[in-house]
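Visitor: Pulled from TrEMBL, these are the listed features:
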- 75-97: transmembrane segment (TRANSMEM)
- 113-570: domain 'Glycoside hydrolase family 9' (DOMAIN)
- 131-151: region 'Disordered' (REGION)
- 132-148: compositional bias 'Polar residues' (COMPBIAS)
- His500: active site (ACT_SITE)
- Asp548: active site (ACT_SITE)
- Glu557: active site (ACT_SITE)
Amino acid sequence: MFGRDPWGGALEISNADSATDDDRSRNLQDYDRAALSRQLDETQQSWLLAAPGDPSGKKKKRYVDLGCVVVSRKLFLWTVGSVLGIGLLVGFIMLIIKTVPHHHRPSPPPDEYTQALHKALMFFNAQRCKHSLSSSPSPQHNNVSWRGNSGMKDGLSDDSVKKNLVGGYYDAGDAIKFNFPMSFAMTMLSWSVIEYSAKYEAAGELDHVKNIIKWGTDYLLKTFNSSADNIDRIVAQVGQGDTSKGPGPNDHYCWVRPEDIDYPRPVYECHSCSDLAGEMAAALAAASIVFKDSKTYSEKLAHGARTLFKYGRDQRGRYSPGGSDPSLFYNSTGYWDEFVWGGAWLYFATGNASYLQLATAPGLAKHAGAFWGGPDYGVFSWDNKLAGSQVLLSRLRLFLSPGYPYEEILMTFHNQTGNIMCSYLPYFKSFNRTKAFLASVYSDYLDAADTPGWYCGPNFYSTDVLRDFAKTQIDYILGNNPQKMSYVVGYSKRYPKHVHHRGASIPKNGVKYSCKGGWKWRDTKKPNPNTIVGAMVAGPDRHDGFKDVRTNYNYTEPTLAGNAGLVAALVSLSGVTTGIDKNTIFSAVPPMFPTPPPPPSAWKP
């Protein structure tokens with residue numbers, strides 16, 4: 001049997017039972033001498049010589065095994081203690097920082113365009129038919145305490161119509177609802193929201209402007225059978241303004257608050273009005289994109305737009321024939337531009353290529369005046385939508401480039417848009433109307449398409465030139481003009497105080513003035529008792545002259561269409577330059593090219 005020598009050697013133990021005790025003793029002594037004669041290493045010597053508690057012996061170091069490394073226990077404890085101490089110190093400092101009061105640097109004030117935007121939107125609150133306060137999205141927009149319920153019998157009081165036409169917007173300083181310019185105003189506001197929703201959101205005005213649009217589109221849906229696929233009439237106007245047939249109470253002859261109207265308000269219907277139908281279709285189609293997240297309402301708007309456009313194409317004619325009340329105030333010169341405009345918006349709203357085919361038909365463009373000049377060429381207004389259509393369809397070419405069969409006319413529109421932009425430059429004196437929104441939005445289109453500018457003849461101009469032009473136009477309106485006056489009421493310190501507006505000029509004092517009894521408020525030289533914040537008045541003449549006189553509407557009357565263009569321009573210039581929303585307008589547009597076939601299946605031997 002073999003045992004283990006505790007000093008490291010092998011030990012053989014005899015199991016012979018005959019061995020005597022003396023023999024065992026002698027053998028052990030031999031083994032002890034052999035063991036003691038061996039050379040011991042340092043560790044073994046320390047075991048023998050250093051007894052427990054012997055101060056002369058060496059103290060064994062202790063270690064901590066961390067898995068990946070072995071460290072001294074003393075070093076480990078020192079490190080852990082240091083980390084905990086530093087952590088406690090940092091936590092204590094953070095606690096002091098959070099508990100001690102400190103002041104945040106206030107955010108910078110909004111830029112001048114954002115400030116003006118807040119006010120320009122308030123004008124629409126003052127123009128509401130029905131009630132102006134209860135439907136406002138938040139108290140900050142309740143700026144018209146001097147308004148109340150009005151037009152509550154519109155449509156119902158006309159025996160020839162007998163339909164509910166309550167709602168919508170009064171056009172200007174009167175209480176007439178002209179559906180043609182009202183529709184254009186809603187289209188413009190929707191276009192601006194589609195392009196600049198992020199800017200509206202940053203300004204805290206997105207819900208407000210959407211509420212303004214919905215108030216208008218809800219009313220437009222009442223003016224025809226919006227649930228039908230085919231219609232034969234549209235309401236064109238509520239109220240009457242013609243005073244040429246002698247004195248008689250109507251919206252222009254009388255000067256009373258809308259809340260106090262007691263005279264008849266006739267309803268004008270049209271049975272062949274392609275221009276009105278086309279503009280209303282554009283308004284509802286554009287709004288359907290704005291409200292695309294509200295699926296039911298968006299589809300209702302798109303369906304109404306399709307119905308209107310079909311009616312306009314089938315029943316050709318102008319909504320304002322000679323001698324009619326609409327022809328005296330908002331006379332339409334043609335309907336071909338509305339076909340291009342409405343067709344473009346319907347394509348974006350539905351993705352139906354038949355609308356794009358119509359909007360890009362060369363014959364339609366020719367009738368709309370795309371290939372000839374004239375005094376109104378390049379003018380974008382409630383009557384002429386060709387310039388806006390060309391900018392809108394240039395957007396399609398810049399970002400989707402649909403190619404054949406649309407490319408030829410789209411390229412023509414794109415080139416013509418460039419020519420129109422050239423006319424805005426100070427080097428060319430072709431026009432004297434404000435084109436701020438078109439210039440600003442087109443410069444943003446070019447920037448988003450990574451296009452640094454465009455050519456005017458041999459000269460290249462950067463997009464900054466267009467944006468600067470837009471700023472000069474808006475700056476003029478806001479006070480940088482020879483009169484040193486802001487033409488937006490409530491903006492800056494000096495603005496018109498005698499606005500041609502019935503509701504603003506008559507005090508809300510509990511007195512109901514008669515048709516002629518309100519004339520004293522029209523003719524007084526005193527400032528309006530009510531400030532119609534955000535209203536952009538008609539403005540100066542071509543020589544920069546301006547008269548702040550209530551009785552001269554050519555200077556001091558605001559309009560829906562004018563303010564809608566102002567709002568669109570202001571939001572495009574407001575805040576930091578974030579550019580346009582490239583994709584929302586294309587949300588319903590299908591891929592421009594056929595989907596490629598799937599790859600063939602894997603080859604099998």
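Cβ atoms here come from the backbone N, Cα and C positions, even for glycine.
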Visitor: Report the same-chain neighbours of His500 (active site): residues 6+ apart in sequence with Cβ closer than 8 Å to its Cβ, ordered by sequence.
Guide: Ala172, Gly173, Val537, Arg550, Thr551, Asn552, Tyr553, Tyr555, Thr556, Glu557, Pro558
Visitor: For the domain 'Glycoside hydrolase family 9' (113-570), what's the mean pLDDT in this predicted model?
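Guide: PLDDT averaged over the stretch: 93.
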Visitor: At a 10 Å cut-off from the C-beta of Asp548 (active site), count the other C-beta atoms across all protein chains.
Guide: 17
